[in-house]
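Structure first, then comments.
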Amino acid sequence: MNWTAIVVETSTEAVDAVSYILTDTGATGVKIDDAADYQKLKPGKYGPYGEIVDPSTLPHREEGAAVTGYYPPTTFVPEKIADIRQRVAKLADFGLNPAPARVAAEEIDNQDWATAWQKYYHPVRVTRELTIVPQWEEYTPATADEKLLVLDPGMAFGTGTHPTTQLMLQALTIALRGGESMIDVGTGSGVLSIAAKQLGAGEVWAYDIDDVAVKSAKKNLALNPIAKDVHTGVNSLLDGIHTQVDLVVANILAEIILPLVPQAFENLKPGGKFLTSGIINTKFETVKKAIEAQGFVVDETMRIKDWYGIIAHKPAPEEA
């Protein structure tokens, strides 16, 4: 037997009351989709691990709210809907406007829970050479030069199509010539490490402060045989890392890039490149100045929408 989702279209001010009604009438879980919540989000807001939030990339309502309650198979739906409609209408007696107060129900196939979200993800060409492909998609490269980055978007840390990721993939395409060693800081899904291997990088290390991210990266790396030898580990930025590589890449936010800058400089060979993005436009000058103050030479800046990427290099002795 299948579960039932009962959806109440309502106003922002009535969301809490409607949620209570659904719970009180037997819903085992409630989901709130409120336009007001999306309006509060600002580009660059981030969580404890520097997750990037760009509201324009999130599916959302333009106005009002929808509160969905999930009811077990034993529920007598017609009676439940009538009860909910009556109780929602009475909210006006308590000074709340529940309009439009539409109530509808749909049956949920148990099998749909696991796979319904997959219909929103399709192969995306992110650079001339690189295409991101969801794990379940059958996809044939259009040209001999096209390289595939196979990801499982069902994991945490996104699909690789955010503007900052696109900037980093473009930067990798510019910077890599083949055989370079690289450290991927804040690897998340592992997409940059996979792309680097596809573009000819040599030895690659992928670090993240979050062990969930590292597990996600490992699974995605396993989906791409070319990246099977990428080293992974839990680490805070480059704390305790002392090596010499050709590239350090980081798609993290400005506040987190700043303490990374001296660590990146230390871990790069002379002439090595530092590629970074996750920089919202209001923080671009601050990050650029910090990179230059450390001794880097900024070679190129790139922009998509409100986000910036920077390609810089550590001067070789002959440049002094």
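Even glycines carry a Cβ here, placed using N, Cα and C.
As recorded in Swiss-Prot:
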type: BINDING; residues: T165, G186, D208, N251; note: S-adenosyl-L-methionine binding site
Would you mind pulling the longest C-alpha to C-alpha span across T165, G186, D208, N251, which the record has binding S-adenosyl-L-methionine, in angstrom?
-> 16
Relative to the Cβ position of T165 (S-adenosyl-L-methionine binding site), how many further Cβ atoms are located within 10 Å?
-> 26
